[in-house]
Amino acid sequence: MKFSNSAALAFAATALAAPSTPTSQEKPRAAQAGCSSAVTLDASTNVFKKYTLHANKFYRTEVEAAVQAISDSSLAAKAAKVADVGSFLWLDTIENIGKLEPALEDVPCDHILGLVIYDLPGRDCAAKASNGELKVGELNRYKTEYIDVIVKILKAHPNTAFALVIEPDSLPNLVTNADLQACKDSASGYRDGVAYALKNLNLPNVVMYIDAGHGGWLGWDANLKPGAQELAKAYKAAGSPKQVRGIATNVAGWNQWDLSPGEFSKASDAKYNKCQNEKLYLDNFGPALKSAGMPNHAIVDTGRNGVSGLRQEWGNWCNVNGAGFGVRPSSNTGHELADAFVWVKPGGESDGTSDSSATRYDSFCGKSDAYQPSPEAGQWNQDYFEMLLKNAKPSF
């Protein structure tokens with residue numbers, strides 16, 4: 001969607017997808033699972049100062065399979081290092097909750113397992129590539145078959161620390177795409193579903209970050225206050241749970257952390273957006289969240305933002321051609337509100353298919369700045385993974 005200087009035409013949603021089920025054989029890990037006693041996370045502090053984001057076994061398996069497919073020994077050696085990078089595990093279907101307990105088997109005491117909660121009814125109401133399994137109106141299924149099952153597993157593993165990203169794209173869509181019928185139909189389910197997730201996942205060994213889009217989405221002047229109010233409303237509807245730390249930004253995105261001037265600073269409507277990078281977004285959205293009555297610390301996805309200047313428009317979100325892996329997960333951000341740089345989107349997983357005849361085809365995946373060919377959202381794209389590796393900044 002082309003950007004406008006009005007809130008009504010702000011930004012089309014990013015398509016997101018969890019890793020597909022790996023097919024290659026996993027290598028055994030020697031790490032001791034969990035701690036010897038129950039974990040209690042203080043969400044008033046930055047837990048990433050104490051815990052390392054865990055390199056989950058499902059992404060590790062995909063990367064190790066990718067290494068075997070690379071004939072260039074030098075590139076293969078670099079690719080092997082990606083397997084050791086901490087990343088989030090996407091629970092994007094009820095079936096994929098089955099990945100959670102196996103993923104816990106090798107999480108040592110000083111690591112934190114990142115999980116993405118992502119299965120709202122009518123999911124991704126402004127994009128086709130990552131529509132979910134639950135239909136609008138199936139909120140009860142979301143609660144009982146999805147959230148409640150995850151809660152039960154997390155309660156059964158009190159000795160492991162968890163960091164959760166809550167429902168990418170959901171609440172931001174209600175701010176900027178409220179005119180779309182699909183988003184109108186999904187609105188109540190999104191708000192009630194997010195509140196239910198926050199309330200019930202509010203466990204001592206969990207810290208939560210609500211998805212807040214990015215600077216090119218809620219960072220527009222007209223969107224900052226409504227965006228903060230939308231997120232704060234869900235937070236308060238959940239009873240202001242103490243394990244909510246703040247927000248997640250740039251999930252599966254391409255925005256730079258502190259590039260100045262920003263990638264789209266010369267656009268004709270740039271004067272209506274002060275948030276030309278994610279650091280500026282936190283500088284502006286953070287105070288708006290605080291005023292709205294919600295915690296305002298953040299984690300920022302740097303998984304694929306190593307290269308700038310690739311997109312023709314800020315709203316082009318699908319499989320950006322020429323992209324590279326970005327900064328590795330770290331709590332050394334240099335910003336009071338930024339807890340950590342993290343890898344939320346698994347690099348190598350497609351954002352959506354470029355096949356225009358496919359049911360889930362989204363036109364953004366057919367744009368000239370989108371890598372083609374690309375498979376369905378969530379499926380592995382070996383060529384794209386190798387491109388991310390070759391263009392990584394810093395390099396591996």
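Each residue's number is its place along the chain shown, starting with 1.
In case you wondered, yes, glycine gets a Cβ from its N, Cα and C as well.
Per TrEMBL, signal peptide is recorded for 1-17. Here TrEMBL flags Trp90, Asp92, His214, Trp217, Trp317, Lys345, Glu349 as substrate binding site. Under the heading active site, TrEMBL lists Asp124. The active site, proton donor annotation in TrEMBL covers Asp169. The active site, proton acceptor annotation in TrEMBL covers Asp351.
Where TrEMBL records a feature, it is marked here on the structure.
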residue: Trp90; record: substrate binding site; Cβ neighbours (10 Å): 30
residue: Asp92; record: substrate binding site; Cβ neighbours (10 Å): 23
residue: Asp124; record: active site; Cβ neighbours (10 Å): 26
residue: Asp169; record: active site, proton donor; Cβ neighbours (10 Å): 28
residue: His214; record: substrate binding site; Cβ neighbours (10 Å): 29
residue: Trp217; record: substrate binding site; Cβ neighbours (10 Å): 31
residue: Trp317; record: substrate binding site; Cβ neighbours (10 Å): 31
residue: Lys345; record: substrate binding site; Cβ neighbours (10 Å): 27
residue: Glu349; record: substrate binding site; Cβ neighbours (10 Å): 26
residue: Asp351; record: active site, proton acceptor; Cβ neighbours (10 Å): 30
Q | 10 Å Cα neighbourhood of Trp317 (substrate binding site): matching active-site residues from Asp124, Asp169, Asp351 | A | Asp351
Q) Are any of Asp169, Trp217, Asp351 (the recorded positions) within 10 Å of Asp124 (active site) when you go C-alpha to C-alpha, and if so which? A) Asp169
Q.
For the C-alpha pair, I'd like the distance in angstrom between Trp90 (substrate binding site) and Asp351 (active site, proton acceptor), rounded off.
A. 13
Q. Roughly how many Å separate the Cα of the residue listed as 'active site, proton acceptor' from that of Lys345 (substrate binding site), to the nearest whole number?
A. 10
